[in-house]
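Novice: Dropping a structure here in structure tokens format, bear with me for questions.
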Amino acid sequence: MKTTRTEENLLLFIWGVAFIATCGSLFYSEVMQFEPCKLCWFQRILMYPLVIIIGTATIKKDVNIAIPGFILSVIGAPLALYHYFIQKVGHAGANFCGQGASCTAEYVNYFGFITIPFLSLIAFTAIIILFIVIFVKRRGR
């Protein structure tokens, strides 16, 4: 199925979200020197490849190449939600992190609720929603 101009633009927007999330993650760890916890690393493992996967799909103008990116995002969103939950509410699962940086540490807390896992959740959710828009548009054709 040929990719429409709208789908190409949505892919580019998805790539932009993944790119900004990746740059933000690298900024916090490399520039601000915030040590990522285990859950942060898992979210990074799911987010970083999206830049390459979605970038390739955007350049080749082929939505089908981007489908693994959708799957990674569907895995990443609940992981980010869980991380945000244990950070804000506290939970026995916080012991999951073990040694190293604590999963409950809040390096940033903008407006009392925007933390790094929250930003990750927003990015994964935005990517999922944009993919759903693409899939709905494709189904309608």
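Each Cβ is built from the backbone N, Cα and C atoms, and glycine gets one as well.
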Novice: Which of these links to CYS37 by a disulfide bond in TrEMBL: CYS23, CYS40?
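Specialist: So the cysteine that TrEMBL bonds to CYS37 would be CYS40.
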Novice: List the Cα distance (Å, whole number) between CYS37 (disulfide bond) and CYS103 (disulfide bond).
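Specialist: Checking the Cα atoms of CYS37 (disulfide bond) and CYS103 (disulfide bond) gives a distance of 5 Å.
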Novice: With Cβ-Cβ distances below 8 Å as the criterion, list the same-chain residues six or more beyond the ends of the transmembrane segment (66-86) that contact it, or say none.
Specialist: 11, 14, 18, 39-40, 42-43, 46-47, 49-50, 53-54, 57-58, 93-94, 103-104, 115, 117-118, 120-121, 124-125, 127-128, 131
Novice: Given a separation of at least six residues and a C-beta threshold under 8 Å, show me what packs close to CYS40 (disulfide bond) in the same chain.
Specialist: SER25, HIS83, ALA101, CYS103, ILE116, PRO117, SER120
Novice: State the three-class DSSP label for CYS37 (disulfide bond), counting H, G and I as helix, E and B as strand, and everything else as coil.
Specialist: coil
